[in-house]
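Peer 1: Sending over a structure as C-alpha cells; questions will come in a sec.
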C-alpha cells in the first residue's frame, strides 16, 4: 500500500493560506504609509492622525463582522468556492484604495479588505486541517499564520521603498494570484463527505494523498465522524453549539484568540514605525519595521517546523511567559524615558531588542497556536460556526487594541500601556497552564474525549508517556 504523499497537502494548504498573505499585506500596508498619508498627503487630500487611526483599524472591524456569517457560508457552498467568491469584493476594496479621492473611500476600502481577509481567517485554517493527515495537521494548520506574517513583511518592504500608487497596485495583484492558483485545488474531503458526495471525497483524497494510496480507511473514518451526530436525534445548530463539550471548546478557542491580540501584537505591528522613531533609533523606522517583519517570518517558519513535534500547549506556555518579560522591559524603558529622558540616552537598543524578542516568542506560540487549536477542537457538525465565533473574538480584539493603543499611549503613557500587555501575557500563561489541553497527534474523537474529561483518554496518555 502506497504511503500518503505530503507534497500535495502542502501545495493545497499553502494555496488556501495565500488568502492570509493577501490579508497580511493589507495589514502591513498601514505602518509604512502613515507618514505618506498624514504628512505628505500622498492621496492629494489631508488625512489627520485620528482619521489614519480609523483607516488602520477599520480593517480589523471589517474582519470582525464577517467571521460568523462566513462560518455558515462555508457549510452551505463549501470551503473552496467561498474562498474563490471573495476575490471580486477583494478587488473592489483595492480599487477604492487605488482611486480614493476622499477619506470615506479609504474607510470603505479598508473595511472591505478586512471583510474579505476575515473570511479567509475562517476558511483557510479549517480547509488546511481538513485536507491534512494527523501527522501533518500541525504544519498545515500553521501555514495560515506563516502566510499572514509573510504578507505583512511584503507590505513593509514595498511600503518602505515604493510610492503609494505602486504599493496599492502590488497589493491589489495578490487576490488575482490567489484565484489563479487555488482554482486548481480540490475541495475539502470532509466537506464533501458531510454533503454525501462520497465519490468526490474519494477523488479529493486521492489528489491529496496520491493516486496509488488506499484512502478507503480514511474515508470511512471521515464518514463515521461526520455521521456520528446525524445518527442521533436531529438537533438545531444552537443546541449543538450549547453541548457542554462544544461550549468548553468555544471558551478555549475564544480566550486564546482574544489573548493573542490583547498581548499587544497588532498594536506593535501597526505602529512599529512610529515606535522606533519615538526611541530615536539610529536605523530608520521603516528599516526597523522590515526587520521586525523578517524576524516574525523566520520564527513562524521555526514554529511550523516544530509544532507537530513539540506540541501546541508547551509552545503557548513558553510564548506567554517570555512575551510577559519583554513587554515588561518595554514598559520599564518608556517609563524611565518619560520620567527622565537622559536616563535612557544609552538604552535605545532596549526597546528595539525587546520588540524583536517579543516577535520571536509570539511567533513560536501565540502566533500560530490559537488558529491551529481553533481548527482542532470541534466536531464536524459545529466546527465552522464555532471556529468563526473564535475568529470574531480575534478580530474584534484586534480592532479594540489597534484603536485603544494610541489613546492609552497618549493618556497614561507608553510605560503603563506596555505593562498592561505584560499583565495580559501573564494571565495567558496561567490560562494555558490550567485550561488548554494538548491536541498534538490526537484525532477529533480523542480531542472530544479530552474536553469531556474522559479518564480513559487521560490514562492512555499517561501510559504513552
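Just so it is clear, glycine is given a Cβ too, placed from its N, Cα and C backbone atoms.
Reproduced below are the annotations present in TrEMBL:
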| type | residues | note |
| --- | --- | --- |
| DOMAIN | 12-440 | domain 'Major facilitator superfamily (MFS) profile' |
| TRANSMEM | 54-77 | transmembrane segment |
| TRANSMEM | 84-105 | transmembrane segment |
| TRANSMEM | 111-128 | transmembrane segment |
| TRANSMEM | 164-185 | transmembrane segment |
| TRANSMEM | 283-307 | transmembrane segment |
| TRANSMEM | 314-336 | transmembrane segment |
| TRANSMEM | 348-373 | transmembrane segment |
| TRANSMEM | 385-405 | transmembrane segment |
| TRANSMEM | 417-436 | transmembrane segment |
Peer 1: Just to confirm my parser: what is the rounded mean pLDDT across the domain 'Major facilitator superfamily (MFS) profile' (12-440)?
Peer 2: 87
Peer 1: Between the transmembrane segment (385-405) and the stretches 54-77, 283-307, 314-336, 348-373, work out which stretch tops the count of Cβ pairs under 8 Å.
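Peer 2: Per the Cβ count, the answer is 54-77.
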Peer 1: In the same chain, who gets a Cβ under 8 Å from the transmembrane segment (84-105) while lying at least 6 residues past its ends?
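Peer 2: Cβ under 8 Å, 6 or more out: 19, 22, 43-45, 47, 51, 55, 77, 111-113, 115-116, 119-120, 165, 168-169, 171-172, 175-176, 178-179, 182-183.
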Peer 1: Hey, which bits of the same chain come close to the transmembrane segment (417-436), Cβ under 8 Å, at least six residues off its ends?
Peer 2: 251-252, 255-256, 259, 262-264, 267, 312-313, 316-317, 320-321, 323-325, 327-328, 330-331, 334, 366, 373, 405, 408-409
Peer 1: Restricting to the same chain and to residues at least six past its boundaries, which positions have a Cβ under 8 Å from a Cβ of the transmembrane segment (164-185)?
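Peer 2: Tertiary neighbours of the transmembrane segment (164-185) are 11-12, 15-16, 18-19, 21-22, 25-26, 29, 32-33, 36-37, 42-43, 80, 83-84, 86-87, 90-91, 94-95, 97-98, 116, 151, 155, 158.
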